[in-house]
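The annotation NADP(+) binding site is assigned in TrEMBL to Leu9, Gly10, Leu11, Gly12, Thr13, Val14, Gly15, Ser16. Look at TrEMBL and you will find Lys105 tagged as NADPH binding site. Under the heading L-homoserine binding site, TrEMBL lists Glu190. Among the features that TrEMBL reports, active site, proton donor is placed at Lys205. According to TrEMBL, the domain 'ACT' annotation covers 350-425.
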Amino acid sequence: MEAIQVGLLGLGTVGSGVVKIIENHQDKLMHQVGCPVKVKKILVQDLNKKRDVDVDPAQLTTNADDILQDPDIDVVIEVMGGIEETRNYLLKALSEKKHVVTANKDLMAVYGSELLTAASANGCDLFYEASVAGGIPILRSLVDGLASDRITKMMGIVNGTTNYILTKMSKHGRAYEEVLKEAQELGYAEADPASDVEGLDAARKMAILATLGFSMKIDLDDVKVEGITRITEEDIQYGKQLGYTMKLIGIAHREGEKVEVSVQPTLLSDSHPLASVNDEYNAVYVYGEAVGETMFYGPGAGSLPTATAVVSDLVGVMKNMRLGVNGANAVTPQYQKKLKGPDEIYSKFFLRLHVKDEVGVFANITSIFSEHSVSFEKILQMPLKENGLAEIVLVTHQASLQDYEDILVKLRDLNAVHEIKSSYRVEGSARI
Ligand code: NAP
Ligand code: HSE
């Protein structure tokens, strides 16, 4: 029985996990696809680096063509990261009629449609389950499990690093820098962790989720992004006091034909199922018109969880090879993209202000909110030690983003407002 030969691009956190799973689960793989699976060649940068997994040094190469041009290699698994060079490698692999599995959301968020088109044109599979939410089979669930439904909302904790940081800050009072370093050491963070903490990694994943969930081509530029770097200990504590948990939340919401997709630090009602998703765990809450609420939960990063998704994609490729139906899976978006404007995006908002502690100041502030018909759900006011200042913390009822942004402009101009300390979206009291 001839083995399926795999070429691996990368042998870092995820690549090592892939080698381990292929070795350790060989019996199960054999049973599922009817033949052995063998990793033939592995592309790395440094041939002499100490590895987390035992591999024959002869398997390692620094020349990508040893994989891309080897006619015996059927499937290329890309777990090296990066965008431009990687795109070229995968286009070359597809043109050589090799199937591709990738964990690379940076690449798929930018060149996904080009690569899927190339795969289809070459009769090849291109699967990328591990690119969103690590070990959670969310892409397959959207495309297959919920194929019959119309999805209207997805809310996700889709970045393990930031969820790990926020959990440790919020539950254990630990410092941001120290916990970020720990997340890097545990292998959760990207090579450049700025893409985690600035929200870009989550935005890429939300673009992929929204494209599949809404069958609409959502580009990275369509996603409004903000990361976790400006969150303060005070904001986390005020949130707790008011019944909210601070999370980096991706939101993809469809109403009628229009959608919004965003990633931002959000104060989430403690009663929302996403509020109890902690550490490096991820979860995607999906609302479908027929199914109602569903939630997909699991490890969002790390070696073996992510490798599970990669090797499951490999099994998908191999099953298709056996059936002779590779390349038949490409899903072309059904709908034209229509994005909501700020006057069509509704939410509650949390605002923390430092104001002059004088008669009439609060009345001035409330009148600005009244001009936009925005009312308050919760308000706290405390005197500050700083001379003559008070801190006001408030949560609005539902308001349009446009009204809220106009209110912020007017508050900044108000003489009595010393500083707008922080502002967050508030979600989760009503689920849809
Ligand atoms: P990593 O630990 O940094 O490993 C990258 C591997 O690729 C290393 O073995 C490196 O070689 C090799 N490599 C990088 N650039 C190369 C180049 N230009 N030429 C040849 N080899 C190159 O990265 P990772 O954490 O495994 O992540 C890999 C991919 O999976 C990324 O796209 C990431 O976003 C995605 N992902 C990661 C996770 C996670 O939890 N880590 C989860 C989901 C998805 P050397 O070892 O010789 O340096
Ligand atoms: N850096 C990513 C995260 C890896 O923390 O979620 C998984 O995609």
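All residue numbers here begin at 1 and follow the chain in the order shown.
Any Cβ shown, glycine's included, is placed from N, Cα and C.
TrEMBL: automatically predicted annotations, no manual curation.
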> Could you count the residues of the domain 'ACT' (350-425) that DSSP puts in helix, in strand and in coil?
Replying inline: 24 helix, 34 strand, 18 coil
>> I'm trying to understand the geometry here, so how far is the Cα atom of Leu9 (NADP(+) binding site) from the Cα atom of Glu190 (L-homoserine binding site), in Å to the nearest whole number?
In response: 17
>> I'd like to verify something. Among the recorded positions Leu9, Val14, Gly15, Ser16, Glu190, Lys205, which ones have a C-beta closer than 6 angstroms to some atom of ligand 2?
In response: Glu190
>> On a C-alpha basis, identify the one among Lys105, Glu190, Lys205 that is nearest to Ser16 (NADP(+) binding site); the candidates are the recorded positions.
In response: Glu190
>> Which one is it, among the recorded positions Gly10, Leu11, Gly15, Lys205, that lies nearest to Lys105 (NADPH binding site) by Cα separation?
In response: Lys205
> Counting other Cβ atoms within 10 Å of each Cβ, which of the binding-site residues Gly10, Gly12, Gly15 scores lowest?
Replying inline: Gly12
> Taking the Cα atoms as reference points, how far is Gly12 (NADP(+) binding site) from the residue listed as 'L-homoserine binding site' in Å?
Replying inline: 11
> Under a three-state reduction of DSSP output, how is Leu9 (NADP(+) binding site) classified: helix, strand, or coil?
Replying inline: strand
> C-alpha of Gly15 (NADP(+) binding site) to C-alpha of the residue listed as 'L-homoserine binding site': distance in Å?
Replying inline: 14
> Other than Leu9, Gly10, Leu11, Gly12, Thr13, Val14, Gly15, Ser16, which residues of the chain come within 8 Å of the NADP(+) site, judged by Cβ distance to the Cβ centroid of those residues?
Replying inline: Leu8, Gly17, Val18, Val79, Met80
> Roughly how many angstrom lie between the C-alpha atoms of the residue listed as 'active site, proton donor' and Gly10 (NADP(+) binding site)?
Replying inline: 21
